[in-house]
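Below is one structure; the comments refer to it alone.
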Amino acid sequence: MVFSSLTFIYLYLPIVLICYFAVPKKARNFVLFVSGFVFYAWGEPVYVLLMSATILLDYTCGRLMARFDERQRVRQILLISSIVVNLSILAIFKYNSFAVQNINTLFGLTISDPKIALPIGISFYTFQSMSYTIDLYWRKVPVQKNFIDYASYVSMFPQLVAGPIVRYNDVQRELSKRSTSITNVGDGAGIFIQGLAKKVLLANNIGTLWTLIKSTPIENLSTATAWFGILAFTFQIYFDFSGYSDMAVGMGRMLGFHFPQNFNYPYVSKSVTDFWRRWHMTLGTWFREYVYIPLGGNRKGMLRTVLNLLIVWMLTGLWHGASWNFVLWGLYYGILLIIERLFLSKVLAKIPFTITRLYTFFCVVMGWVLFEFDDVGMAFRYYGALFGANGKGTDAQFVYLLMSYGLIFALCVIFATDWAKKLVFKIYRSRPGFVKVAAVVLQVITMLVCTAYLVDATYNPFLYFRF
């Protein structure tokens, strides 16, 4: 069950909201706990047991840390146990095939690939659960004694399978005391509809263009078609993932939670460093707080800083997937960030914003080529197509695709920037009443249009479900 499905929108979500607001406030976390498990079991019934094990492990480690509060050695053992078990589970289910394939290649062996299915959302809920034990060890948060409250945090359906990665510290107060109101429900519904529109109207449609181009042999692509294709994927992954995040944040708001923002118009960034402050912000925060800073951050000299950045970005790549293209993608960004830190940021500060934004967007688009192609060889052949290796600047295919998808492409360009948002704010300052009414009308129309699209749509999961 995905957020952008009629079953979720018109059956599951209304039932959950009715139950949630019908019960006393003290019972609402139990509703979240049950609804989260039902949501996960809908698509992954067997792996509910795995998520339950993660929850039970970290809850138990947390209670024991509190019990042995004065015995630092015991607390260290409990923290290490939590981290090792969580990462081992993640490694078994996510990286087993990758490890076997590379061992076979390196040593000439023929170990059979177990081909264990990847549980949906395991990378997200594992990181969330680990944030609790780590912060508890660092004494940043109090122990959670109520098992249902902790289980509802990990299994909360809005952010369960694709983020945002909500650290325990982000919501620990709201788990026990949060305000729910008509205003929160209305604001949350608006954010949810915005995310739904991003996914259904923009990501799915521009994704069709990328699917068509990707299905063409790379050697047959003209330069123009290759660029049109990778730009289509650039917009698809943004609207797909940010759309999911908006829907998650919106549902969290309906329930009284304030989840952290995950995207902030990343394609208008002025540097690669700025891009990663705007793209998948909760993942960046997690790696900064729990990996980069504990490694020493930038406090131990430039050489150590460079090493720490390379480690963090290699891990970031591996978090996205068990494949060499993701490792290279992570190192690609690590190297760019190191170059900017060493000298390029000073140069960029002296250059007009238009040029720095073009530089950043170019770097990001080049990165998406590595990200999208599991076969690194295919990725480099696609780079060749982008830069004229096929000997065709343009062709009839490009003209046809431009005529067919030009409008949706233009809409993606517009809504990937903050132009529309600035225009709305400008009108709001002079005519606030009109904007409020127009927003409600637009949301209703958007919901109707999205529903019409979904009636005839096939199953189309969010791209980040595979991570």
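Note: Cβ is positioned from N, Cα and C throughout, glycine not excepted.
TrEMBL labels come from automatic prediction, so no person has curated them.
Residues 77-95 are the range that TrEMBL records as transmembrane segment, among 77-95, 362-380.
Simply put, out of 77-95, 302-320, 326-344, 398-416, 437-455, 437-455 has the most Cβ pairs sitting under 8 Å from the transmembrane segment (6-23). Remote same-chain residues near the transmembrane segment (302-320) are listed as 95, 123, 283, 287-288, 291-292, 295-296, 326-331, 333-335, 337-338, 341-342, 371, 467 (criterion: CB distance under 8 Å, separation of at least six residues from the stretch ends).
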